[in-house]
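Student: Have a look at this one.
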Amino acid sequence: TCVSVQQAYWRGGWRRLLLSPLHHVDDWHLYFNMASFLWKGTNLERRLGGPWFLYLLCVFSLLTGGVYLLLEAALTELTQDQSYSMACAVGFSGVLFALKVLSNHYHPGAVTHVMGLPVSNRYVSWVELVLIHMMSPGTSLIGHLAGILVGLLYTLGPLKAVMKKCAGFVTSSGYDSRPSAYYNSSGSTGYRQNNPPDYTPPDTASYSSGLTEEEQLEAAIRNSVNDRGQSSQRGAPPPYGLHLSDEARVEEIRLRRLRRFDSDSRQQGGEGSEGDKRRGAVPPEAPDFTG
């Protein structure tokens, strides 16, 4: 299941682009790669979020194999040596180099010690590329180089923007043009509820905070109408509460206002008559001591 120009391009084995990162030469090859992946993947998954990190792994796996084939084909044309087209690569190392470039990109000022020597994160991937090839000549230099190039395409090139556009297109092609879930660079996931522009949340505190009985009734009816309109748009049954027609609601409000107006008029009229009596009362005549 290794990938090469001969196997993938000449013989049409394109599925090797998917299978080659999963296959390893031996157990130690698998253990070292998984240990490195556990360290890099944990930090990146926390930063990017699980869904985006999974999306990133799939894209990096495919692109690393594709860039590897392009590099091997270019070397074959430049050197006229067919051995480059037959060189077969296998393993997750290329994807790990791409993840390492991305991880170092988020910590540009940090320093990594390689064999006791401090190296800036901007250049540590290139240093490790050379050292690994010198210490283990059997490793695939072109495969690791392909991973670095894919990581640079994401951090400095257009790959990140293309991935975001593709993700937005897939999301907008679903049932709702506005996605209910969103992902940001910090890895947090969220939830968004779509309500009408004039929708007022049913806050019970607003019903009794200094409002009269009529105003409370109007607020309750208004929120009940909004809830019913939102539910009817989703095809759900009407919620609990008042289910009156528009004419009935208007008539009910009008009658309540009239009753309150009559009550206030009676109280004011009663107070006014008593005041008139007090103001119009004739004081008793003073006794006449002249006669």
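Each residue's number is its place along the chain shown, starting with 1.
Including glycine, each Cβ sits where the backbone N, Cα and C put it.
So TrEMBL lists the following for this protein:
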type     : residues : note
DOMAIN   : 12-156   : domain 'Peptidase S54 rhomboid'
TRANSMEM : 52-71    : transmembrane segment
TRANSMEM : 83-103   : transmembrane segment
TRANSMEM : 123-156  : transmembrane segment
REGION   : 183-210  : region 'Disordered'
COMPBIAS : 223-234  : compositional bias 'Polar residues'
REGION   : 223-291  : region 'Disordered'
COMPBIAS : 244-265  : compositional bias 'Basic and acidic residues'
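Tell me about the setting of these features in this model.
Tutor: DSSP labels the residues of the domain 'Peptidase S54 rhomboid' (12-156) in these numbers: 103 helix, 9 strand, 33 coil.
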Student: Sort out the residues at least 6 away from either end of the transmembrane segment (123-156), same chain, that have Cβ-Cβ distances under 8 Å to it, and list them.
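Tutor: For the transmembrane segment (123-156), the sequence-distant neighbours (Cβ-Cβ under 8 Å, at least 6 residues beyond its ends) are 56, 60, 63-65, 67-68, 71-72, 75, 84, 87, 89, 91, 93-102, 104-105, 112, 114-115, 163.
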Student: Which bits of the chain, at least 6 residues beyond where the transmembrane segment (52-71) starts or stops, bring a Cβ under 8 A of a Cβ in it?
Tutor: 3-5, 8-9, 16-18, 20-21, 41, 44-45, 89, 94-95, 98-99, 102, 140, 142-143, 145-147, 149-151, 153-154, 159, 163, 167, 183, 187
